[in-house]
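Colleague: Structure below; questions to follow.
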Amino acid sequence: MTCAALLFRDTRSVPEKINLKVDGTLPSTMNLARNFSIIAHIDHGKSTLADKLLELTGTVQKREMKQQFLDNMDLERERGITIKLQAARMRYIMNDEPYCLNLIDTPGHVDFSYEVSRSLAACEGALLVVDASQGVEAQTLANVYLALENDLEIIPVLNKIDLPGAEPDRVAQEIEEIIGMDCSNAIRCSAKEGIGITEILDAIVTKIPPPQNTAISPLRALIFDSYYDPYRGVIVYFRVVDGSIKKGDKICFMASGKEYVADEIGVLSPNQMQVSELYAGEVGYLSASIRSVADARVGDTITHSSKRAECALPGYSQATPMVFCGLFPIDADQFEELREALEKLQLNDAALKAVTRFSMQFEPESSSAMGFGFRCGFLGLLHMEIVQERLEREYNLNLIITAPSVVYHVNLADGETVECSNPSLLPEPGKRRSIEEPYVKIDMLTPKEYIGPIMELGQERRGEFKEMNFITENRASVVYELPLAEMVGDFFDQLKSRSKGYASMEYSLIGYRESNLVKLDIQINGDPVEALSTIVHRDKAYSVGRALTQKLKELIPRQMFRVPIQACIGAKVIASEALSAIRKDVLSKCYGGDISRKKKLLKKQAEGKKRMKAIGRVDVPQEAFMAVLKLEKEVL
């Protein structure tokens with residue numbers, strides 16, 4: 001049967017069977033509820049499949065449909081990726097029974113794996129979507145392992161079978177060999193063309209188990225997401241694990257101990273729709289006029305104030321930031337606005353961590369060059385870029401972001417070990433005994449013809465080769481252990497460039513190792529610029545210092561005096577450039593006369609320049625800072 005025939009068959013049968021509006025009514029029993037998520041490597045068609053499920057179940061009318069319907073942020077549509085998990089409730093009729101399907105959409109990029117883990121904790125099953133033309137990718141494996149840790153029922157789906165290069169049989173065999181999952185009944189579909197969508201919906205109903213029915217137990221609901229609404233306060237997304245919750249209930253957040261009244265509860269279909277009550281196994285939202293972002297944290301447990309649960313739900317493992325940088329407002333008057341924006345964004349983005357001294361207080365970071373800002377931690381470079389863009393777009397802030405760094409362990413001479421993520425706070429060489437840096441294990445999947453360039457990249461980044469396995473005849477897994485600091489620059493871009501876009505990667509932190517690291521300072525006219533300081537391996541210090549000094553020479557405006565630009569390790573200058581002085585022609589009005597008059601004018605000019613150099617201050621323009629910080633990200 002041709003693709004056209006398959007498409008005709010599906011689109012004719014689906015409306016008669018399942019084109020029903022969601023009305024907010026609850027299934028008569030929890031046996032009719034199914035909670036599932038979609039997991040996939042980035043760009044394998046996950047958001048397109050979610051769109052088609054929403055359309056064909058009648059959850060969203062065709063005239064209201066748009067690409068990446070669940071991706072609410074402009075950033076997500078512009079980049080074509082999912083950043084935030086989203087939830088949607090669908091209704092599907094099968095064997096004359098109205099099933100309630102709760103979809104929790106997940107991101108696919110490695111930086112947002114924490115969002116994936118939160119989604120999976122609220123589900124009983126998952127659709128594993130694999131591109132039939134590309135096969136198993138690195139993040140596919142990582143997502144499968146997350147699903148297995150949560151003991152989920154996994155349904156393999158081979159997407160994009162309409163592409164000319166699709167090889168569903170080969171990809172099914174790949175999944176069996178690499179993951180060890182039976183793919184004899186893997187669903188073959190094309191989310192774009194609507195092929196196989198009915199089979200996916202049927203499989204969700206028949207293969208994914210319903211939630212456990214514990215409706216008579218005290219209320220326990222797990223918060224898996226939240227965001228701040230300026231009119232309604234904190235809006236909480238949760239899954240009811242035990243008991244039930246209805247509008248008007250007095251509730252308590254077990255971690256914070258704060259009590260509120262549930263002003264509004266409802267379901268996400270995918271827009272918010274009020275209902276009177278939610279039962280065990282269901283997914284919904286809650287509004288209770290919560291004004292403090294600290295009162296309702298992701299991973300907390302909701303229970304009734306009058307009949308509290310004995311113990312809270314396990315929640316989630318804390319996300320560990322791997323990359324740190326400074327965020328500074330270009331306009332110093334926006335410092336407090338930046339603080340408020342970070343607090344609100346942290347509520348919605350639980351993986352964003354501002355470095356704190358005390359619980360729930362941001363630690364300001366000051367710089368003589370850029371003023372006051374904050375030191376923040378991120379899961380990766382993409383996560384860092386997304387947070388910066390969200391702050392600028394959603395909160396109208398203009399920001400400078402410093403070069404990213406990782407968390408180092410500094411062993412001091414007195415035997416104490418301290419953590420350092422800010423190069424300007426690194427203890428002096430005389431006070432420290434050694435520095436340890438974080439290492440990661442990176443698994444790169446690549447076609448066999450690009451193995452050489454991929455291994456060269458690993459060696460260039462101080463990597464240690466561990467193993468190589470051919471997962472199929474034409475694709476190999478290359479495993480390296482390398483410093484995390486070598487990945488926070490352009491590693492991913494280089495990986496894609498050297499493999500012509502075909503390689504993918506997945507990494508995990510494996511611990512700390514001692515390295516020969518030094519602090520590289522940049523001095524302009526003898527004054528250190530803290531914002532440009534960085535920690536580098538001694539072998540790379542000269543090349544990084546040379547690149548930074550040359551870039552600064554291009555960007556800093558010339559002065560009336562000579563300005564030296566130096567890269568230093570301690571008191572030792574390892575790279576130097578100089579801005580030549582702008583020379584004023586003081587002899588232009590001397591049309592003759594005694595030579596001593598000219599010598600006197602030249603001597604006076606030289607003395608003035610010497611005095612100016614001693615007391616003069618070189619202002620580095622913001623454009624120069626931004627260009628050099630961008631260069632640091634590339635050369636580190």
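Backbone N, Cα and C atoms are what each Cβ position is placed from, and that goes for glycine too.
According to Swiss-Prot, the protein carries these features:
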type	residues	note
BINDING	40-47, 105-109, 159-162	GTP binding site
DOMAIN	31-212	domain 'tr-type G'
Colleague: Any idea what the model's mean pLDDT is for the domain 'tr-type G' (31-212)?
Modeller: 78
Colleague: Which of the three DSSP-derived classes (helix, strand, coil) applies to Ala40 (GTP binding site)?
Modeller: strand
Colleague: How many neighbouring Cβ atoms, not counting its own, are there within 10 Å of the Cβ of Ala40 (GTP binding site)?
Modeller: 27
Colleague: Could you check what DSSP calls Lys46 (GTP binding site) once collapsed to helix, strand or coil?
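Modeller: Going by the DSSP assignment, Lys46 (GTP binding site) falls within a helical segment, counted as helix.
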Colleague: Applying a 10 Å Cβ distance cut-off over all chains shown, what neighbour count does Ile161 (GTP binding site) have?
Modeller: 22
Colleague: Out of Asp43, Lys46, which has the highest number of nearby Cβ atoms, where nearby means within 10 Å of its Cβ, if these are the binding-site residues?
Modeller: Lys46
